[in-house]
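Asks: Provided herewith is a single structure, encoded as structure tokens, for subsequent inquiry.
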Amino acid sequence: MQSFLFSSVYSDLTMGLLVFIDTIALCLVVSSALLQRFEEAPKPDGSLSFLVIGDWGRKGAYNQSQVAFQMGVIGKQLNIDFVISTGDNFYDNGLTGIDDTAFDDSFTKIYTSSSLHKQWYSVLGNHDYRGDVEAQLSPVLTNHDKRWLCLRSFIVDAVAEFFFVDTTPFVDKYFTEPGDHVYDWRGIHPRKKYISNLLKDVDLALRESNAKWKIVVGHHTIRSAGQHGDTAELVKQLLPILQANNIDIFINGHDHCLQHISSIDSGIQFFTSGGGSKAWRGIVNRWKEEEMKLYYDGQGFMSVQLTQTESDIVFYDVFGHVLHKWNTSKQLHGPS
């Protein structure tokens, strides 16, 4: 009897200790101010190439399958290293859970080319927040399709340094005027603290970066002549940090178009790649002619090729035709 009692007490203490340790670990994860980092090795010649697609997940409809096919063609030509998704990965309301067949129907069964069987780095869009956000972030989906990686905010180290930013929580109207939509804000509240911590993390990471190229990726626009226009909250809160840290490129989706705005004031290149499926909205707002390098209202995607000294960006339409090219260079040594 004594032995049984001792065993039970020992077991209870052990379980209690494990729960306590798990609780500490959880607290450490939740309170951590560090953005998770991933490494991407360049090719043997030191170069890096990737594709960017956004606003795509419609089970192949609205030319999604055609865009995916052309991505496969260009991906093979460039021998891409990975793909970036700028969000709104699954329409209209994200995923319902980790077993939602929309994941296969809009992703696995659509982007089938061997050249696209590389790592996908994805951020969340506002439509993704209308579903089960935790499902898109779940490692269960990564186990299901090894290409898939979606996090709120994170960093990828390569020839360039990529800073992925969760932009949806910045936008006031999703909280004050949600309409008929229900958003999954788990992990966001208290919102002000979430945004404040994220801005501090991004600012610190950018300040500490020694990368030759600094590229920031988010779903929402900062500068855009499309239907949504500039995102006022990002212009006010995020843009000053990007300017202060001399980033080179900001890449977004949200507006369903392909777009290149070259900022005269900051020198930042603003690229929109939101033509993954439904497009042709027919809305173009006036913009400074000297800054607007491309505005295409249809479907398509963009490619990026980088070395330590060169950046080559190309936009393609749904047929794989080149719409726009942009190139810039930097000195190998000296300030980035």
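A Cβ is built for glycine as well, from the same backbone N, Cα and C atoms used for every other residue.
Annotations per TrEMBL:
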type	residues	note
TRANSMEM	13-35	transmembrane segment
DOMAIN	49-257	domain 'Calcineurin-like phosphoesterase'
BINDING	D55, D88, Y91, H256	Fe cation 1 binding site
BINDING	D88, N126, H219, H254	Fe cation 2 binding site
Asks: Out of the binding-site residues N126, H219, H254, give me the one sitting nearest to Y91 (Fe cation 1 binding site) by CA distance.
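Replies: Of the binding-site residues N126, H219, H254, N126 has its Cα closest to that of Y91 (Fe cation 1 binding site).
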Asks: Per-residue pLDDT averaged over the domain 'Calcineurin-like phosphoesterase' (49-257) comes to what?
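Replies: That stretch averages a pLDDT of 98.
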Asks: Return only the integer: C-alpha distance in Å from D55 (Fe cation 1 binding site) to H254 (Fe cation 2 binding site).
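Replies: If we compare the Cα positions of D55 (Fe cation 1 binding site) and H254 (Fe cation 2 binding site), the gap is 7 Å.
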Asks: For N126 (Fe cation 2 binding site), which residues of its chain lie six or more apart in sequence with Cβ-Cβ distance below 8 Å?
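Replies: Spatial neighbours, sequence-distant, of N126 (Fe cation 2 binding site): G87, D88, T168, V171, Y174, H219, H220, H254.
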Asks: Counting across all protein chains present, how many other Cβ atoms fall within 10 Å of the Cβ of H254 (Fe cation 2 binding site)?
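Replies: Around H254 (Fe cation 2 binding site), other Cβ atoms within 10 Å: 27.
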Asks: With an 8 Å cut-off on Cβ-Cβ distance and a minimum sequence separation of at least 6, pull the same-chain contacts of H256 (Fe cation 1 binding site), or say none.
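Replies: The answer is D55, G226, Q227, G274, G275, S277, K278, A279, W280, R281.
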Asks: If you draw a 10 Å sphere around the Cβ of D55 (Fe cation 1 binding site), how many other Cβ atoms fall inside it, taking every protein chain shown into account?
Replies: 30
